[in-house]
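See below for the structure under consideration.
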């Protein structure tokens, strides 16, 4: 009996068992190949500057483009997943990532790296990572939370291993041959995608997200047709195009939620502002250490220290934040973690000795673990789950914009002043101000909601607040896979 026949008779449950654990292993590797890869680019910063005679600002553009596209390509990835399925998109992403790095090894100018390593590799990493996370929702129901937590350890493993491999290959064969080897390594994303078999075909029914939905615009079109309008009439065709365009924006970029939900509005603005400074240490820490006399191998080790600590701290932070004590308070934990990130940067300003930089990496990694574990959990708290996917679209687009411009603008400042300390001053400014903005704003919003609750206590059905704790556990009544989502991780 085939798996599809067994599933159709209710005798086989492919979720949470069997091949699902192989898919989880592939997801761990995939996250190490995608999200774990960009931080190692800082190791090549000095060599690329010398090779192309480029400034700090010019050199920082290509890792910024890579990270921005990785985060901001979610809506396009979601459309491809709905059309072709997760397996195809993951394999396409692996192919693009490998092609981008192989092409980078032949670049003759820094601007060519913007296209190859920045755009192509970044887009491929986006496809592989986000489709790989989506497929876990199909393979896991009961153990979905655990599966996502285990898969996220791949990011920490990538943080730890990529810098060590990068520095070794750079010393042995130069940056061009290293990028060529990186292309071959990233092609393993295709292998991970091949493991992710489409479970919706085996179950005998399509997932809910793949079923055709009735669109509001279709009713308007039917009404006009019933009144005698021709389907080929220019006015009707233009109206249909506008309606479909609006529906796409409404589905993948939830501007209505942003305007109506104060909690989502505050959080999105805060995280977008935070991203101007969040990625700066990843780009400039290694060049800063080398500039101050730290040996190149030791400088590369700094990024590995951040990743190694993340392996242990991030799962613990995720479990801790899930405790009932923190119900409704996770935004304050998140703000505290962002604040700690900002304050830790002052350690680098005090001294650039290797021992001091190690201490900085330890504290920064602990704070980053909190940010990474809570970013999307807090988003689920402030937005209803049936609109989470569309709310995430606008969220990732806005944060990718500041990720794109943050490092180049700071590099321009360093070029003018010839002082790397401004990297950490700038990072601290954005992180601390974002933490205070989110923490104080949500505190004020919570007080406002309490006053509203007290004034409407006599009503049987009090109004739902804009910032409320939403349950993220799968319901027992319906265990169908979630709608296609595009998810990023920090």
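Here the Cβ of each residue, glycine as well, is placed from N, Cα and C on the backbone.
If you check TrEMBL, you get these features:
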COMPBIAS  211-222  compositional bias 'Basic and acidic residues'
DOMAIN    20-451  domain 'Major facilitator superfamily (MFS) profile'
REGION    206-238  region 'Disordered'
TRANSMEM  21-45  transmembrane segment
TRANSMEM  61-81  transmembrane segment
TRANSMEM  88-106  transmembrane segment
TRANSMEM  112-139  transmembrane segment
TRANSMEM  146-165  transmembrane segment
TRANSMEM  177-196  transmembrane segment
TRANSMEM  266-287  transmembrane segment
TRANSMEM  299-319  transmembrane segment
TRANSMEM  331-351  transmembrane segment
TRANSMEM  357-379  transmembrane segment
TRANSMEM  391-414  transmembrane segment
TRANSMEM  420-445  transmembrane segment
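Between the transmembrane segment (21-45) and the transmembrane segment (146-165) there are at least 3 Cβ pairs closer than 8 Å, counting only pairs 6 or more residues apart in sequence, which means the two stretches are in contact. Scored by C-beta pairs under 8 angstroms, the transmembrane segment (391-414) has its highest count with 266-287, from the stretches 88-106, 112-139, 146-165, 266-287. Same-chain residues lying 6 or more positions outside the transmembrane segment (420-445) and placing a CB less than 8 Å from one of its CB atoms are 262-263, 266-267, 269-271, 273-274, 276-278, 280-281, 284, 287-288, 291-292, 331-332, 334-336, 338-339, 341-343, 345-346, 348-349, 406, 410, 413-414, 466-467. The stretch with the most CB contacts under 8 Å to the transmembrane segment (299-319), chosen from 61-81, 88-106, 112-139, 146-165, 177-196, is 146-165. Confidence over the domain 'Major facilitator superfamily (MFS) profile' (20-451), given as mean pLDDT on the 0 to 100 scale, stands at 82. Counting Cβ pairs closer than 8 Å to the transmembrane segment (61-81), the top stretch among 88-106, 112-139, 177-196, 357-379 is 112-139. In this chain, the transmembrane segment (357-379) lies close to the transmembrane segment (266-287): three or more C-beta pairs between them fall below 8 angstroms, excluding pairs fewer than 6 positions apart.
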